[in-house]
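Worksheet: one structure, shown below.
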Amino acid sequence: MQKANWSSPEIEFTIVGLSDYPQLVTTFFVLVLLMYLVILLGNGVLILVTVLDSRLHTPMYFFLGNLSILDICYTTSSVPLILDNFLRPQKTISFSACAVQMALSFAMAGTECLLLSIMAFDRYVAICSPLRYHVIMREATYTSMAANSWGIGCAASVVVTSLTIRLPFCGDNVINHFTCEILAVLNLACADIAINVISIEVTNVIFLVIPVLFISVSYVFIIATILKIPSAEGKKKAFSTCSAHLTVVVIFYGTILFMYAKPKSKDSLGEEKQD
């Protein structure tokens, strides 16, 4: 088989998805569509309320608004493709569209990791140093924190995606996933992916290890401070301000760790495949 280059216009990937369960396509289409609409509506309402209600112009709601935008962008980068594949007999996607999807999903996921760690810092300051909260978490400070998170996430995405699209692809190019998930795409490359694996491991440290450690240390201090509060009502109120953030952290990082913590390495496949 002739080795194909990513720049070749005829290159396409086949996304497996739920191809093995045709009898469930209609059911999953409806479920995924409803989930997508709920995500759009819920996050859209949160963004609108946060913007319109001046009482919510605080660092925490500003970060929640950013998370809502990320959730909308992240799901929009993949769910429409999933829905389209449910309806089409040919489950194919061009490599350029696949690359765009990889870049967007990776950027959004990386940015969310950093934002969650910043939100942990916000909770730490609010509970452990309440008298200095408005001095530390000024508007210029928390907006620059969010902007830097977006910038780092997008920059890392450009690097990882650029390294991926330079690889040669050959064979059937079947992605055993619902979307153009970057590890699934890397496993189709006909060349050594050692550099790609290293780049993903570096991003794992930036977006997983460091933020998780930062969040963990922050909550050690937060819990220690809360336990010193004399009244049970005060403890409950302090814990309640962190519950939503902790829930998002557990769900989000649990999913990311499962998907990206151990990138699959493979031997060099640089030798040209033959029919």
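Glycine is treated like the rest: Cβ placed from N, Cα and C.
According to TrEMBL, the transmembrane segment annotation covers 28-49, 61-83, 103-126, 147-169, 175-198, 205-226, 238-260. The annotation domain 'G-protein coupled receptors family 1 profile' is assigned in TrEMBL to 42-275.
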Leading stretch by Cβ pairs under 8 Å, where the reference is the transmembrane segment (205-226) and the options are 103-126, 147-169, 175-198: 103-126
Tertiary contacts of the transmembrane segment (28-49) (same chain, 6+ residues out, Cβ under 8 Å): 18, 21, 56, 64-65, 68-69, 71-72, 75, 79, 82-83, 86-87
Beyond the flanks of the transmembrane segment (103-126) by at least 6 residues, Cβ under 8 Å: 59-60, 63, 66-67, 70, 73-74, 77-78, 132-133, 136-137, 142, 145-146, 148-150, 152-154, 156-158, 160-161, 179, 181-182, 203, 206-208, 210-211, 214-215, 218-219, 221-222, 241-242, 245, 248-249, 252-253, 256
